[in-house]
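Visitor: Just lifted these from TrEMBL, have a look:
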- 71-90: transmembrane segment (TRANSMEM)
- 97-115: transmembrane segment (TRANSMEM)
- 121-144: transmembrane segment (TRANSMEM)
- 156-177: transmembrane segment (TRANSMEM)
- 189-210: transmembrane segment (TRANSMEM)
- 222-245: transmembrane segment (TRANSMEM)
- 257-276: transmembrane segment (TRANSMEM)
- 288-313: transmembrane segment (TRANSMEM)
- 624-720: domain 'Histidine kinase/HSP90-like ATPase' (DOMAIN)
Amino acid sequence: VVVDVHPGGLAWDAGVRPGDSVIDVDERGTLTDEQGVAGAGAIQTRSDARAVTSVSTAGARQASLQRRPGFLALAVCFTVVGAVIFMLSTDPVAARVIFGGMVAAAITLITAIATPFGAPWALAAAYVGLVGTGAGVFLLFMVFPINHLRSRAGRGAAIVALGLHGALAACYGVVVTSTPGHYAALKSTTFGILVVDAGIACALAVAALLQTSPLRREARRALELLALGTIVGLTPFCLFALVPHLLGQGYILPPDVAILSVGLLPLSLGAAVLSRQFLGITRFVRRGLIALIVWSALISAYTMLLSVLWHAVDEGRVGPPPARVEVALGVVFIAGTFPPLQQLLRRGLERLLFRDVYDYAETLRALSTELAALIDRDTVVEHVLSRVGEVLDLRWAAIVLTPADGPATRFGWGDYPVQSKAGEVGEIWPYDGRRRSGGEGAQRVPLVSEGEILGAVVLGPKRHDVELLPQDHELIATLAPLVAATLRSALLMRRLDLHVAALRDKERVLAALNGKLIRVQERERQRLALDLHDDPLQRAILLARELGESDRCPKAERWRWSAEAIALSLRAICAELRPPALDDFGLLAGLGHLISDLRARSDLAVELLVDTNDGEPFGRLDADLEIALYRVTQEALNNCLKHARATAVVVALRRDGGDLLLRVTDNGRGNALGRNGAEGTLQLGLLGMRERLRPWGGSVRVGDAPHGGTEVIVEVDLGGCDEWIGQLGADTVSYR
């Protein structure tokens, strides 16, 4: 009597049920040996209704052998395409969905070879794989090309679909173990849900195709290939197998034949990948793919090597093989050699295919040393971007500085997407400011120094890879504080330079105002001198002349002397305000008049020495410069007269090409005068001298004379020569 029949197996599909009686085994009648019945190639049973059922494995075995190559080839295609997309895609959600669906389909195809014989593991794996394939196809078009999971309705639909397919798998376990009679209902329900999955997937594919702009030709072509492969691949299986079974009409085509059309699905996915417009896949050589190839090659090599070794050992062995010892030796051999060997092979291939293979410690040390030598902000930014971009083999990189006291400044390197907005930089910063399925985003690393956010380093995708390695993240995380500190120092230096430049601008403005004030003052002096000369002085002279001609008044003579004294005083004031000789005959005449006046009203022995290097006459200078030199000399002589207690003063003037040197040297007390209360006056006078000569870049120095006393040295570069001060001989200055 048949005690158990696994639902979905060869005997179940032929009509054998628990409780049927076995009436023949391999045409030898009935057998009492249960093992003989289980291993039989053909049996006949009789149900309680006296119906006879015959089951033979000969046809099923032949059919399994015939479809094995095709199913294995399809399973390999599903697995390879799913693995490639999972390794290369930049959209992790879609990549996981596709990989899961592809693996489920591959499991269904592989286990379908063994399902006719009723192997429980094969039947369960085939059922779960079929349900997973339906869920994967549905979720694929839920996340690509439009990610419906971003909406609440899309997430709800995905949760319901996953829950429903999970419930189907759970129900299968219950039905198989407890209530086999409900298998037919479960099978029909499963087929109905798979048809709904295929219909929704095709509808979403067509809707996405209609929403894709015709201007995006490459992306539209990839989507057309995927939609066409999905529709053409799923339609035959649904129309010729699933739907007729649901309608109770049986199969128009056997399921193992109709399912071959799903091979168009991995083919369309492969074509979409080759178009480089699918899920952000723009390059095929990736580290993950290299790792997959290396692991596959090593596993195959280890398998063949161990098989050869065990075969050689078995040939020379007498007695049963010690299986545990062989397994232990194999595990130890693989564990000891696999990790270093795969690391060596991967490292070698990566050095050949990628440019971002570097030594972490050496690179960090070199970058830190280079940063320490940079102080300018722009130089720091350009150097960091170029070095990081070259070391990590990036397509582009950027630094966005966001100072608190100004607008954001953006620096780009490489194929930098200039249309991006610096203010929208986030954890993921794609080209268009949004994260799209399959788009290449940017990684953002903030620059923080002393608690202040200075900006961020934005790293684009790699040229020969997509994702940054853990070592790359560690390098950037370690380098970011160093860059932030260097940039902070550079920004502080830049602010300091701006403040210094502002102060220099203010100083130039003040100098210009001071020069204008001096010119106005000189014009007022000249105007006042002319006014005094033309009116009061002339009146005093006329009065003195009239008094000299009058004989009637006995006091007239005394008044005449007073009027003449007034006239002399007015002439002195006019000369003090603006000596006419300075305007009419130049600096030498003005200094001569100044020295003559000083001799007349003091006991100082003043001497004027004039020298030129070529023996030519001294000549005229710029009128404003002559006035400035005259006033400087006047100030120096007045200070000597008031504070130095000198008996002799020498004014030396030398013109050497484009250079001019003026020295005022006395034989007084020297710097001791600064300690007797005159320091403030002298400092104010020295400041006035320097301000007068500032427009010509002149300098004024006060110090001790070589032979005692005080020396005022004035230097003016008239022609751009700087080396002429020491050309004056010591014998040029003499006292008489």
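We count from 1, first residue shown onward.
Every residue gets a Cβ built from N, Cα and C, even glycine.
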Visitor: Taking 121-144, 189-210, 222-245 as candidates, which has the most Cβ pairs under 8 Å with the transmembrane segment (257-276)?
Guide: 222-245
Visitor: What stretch in 121-144, 156-177, 222-245 has the biggest tally of Cβ pairs under 8 Å against the transmembrane segment (189-210)?
Guide: 222-245
Visitor: So how many of the residues in the domain 'Histidine kinase/HSP90-like ATPase' (624-720) end up helix, strand or coil by DSSP?
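Guide: Helix/strand/coil tally for the domain 'Histidine kinase/HSP90-like ATPase' (624-720): 46 helix, 31 strand, 20 coil.
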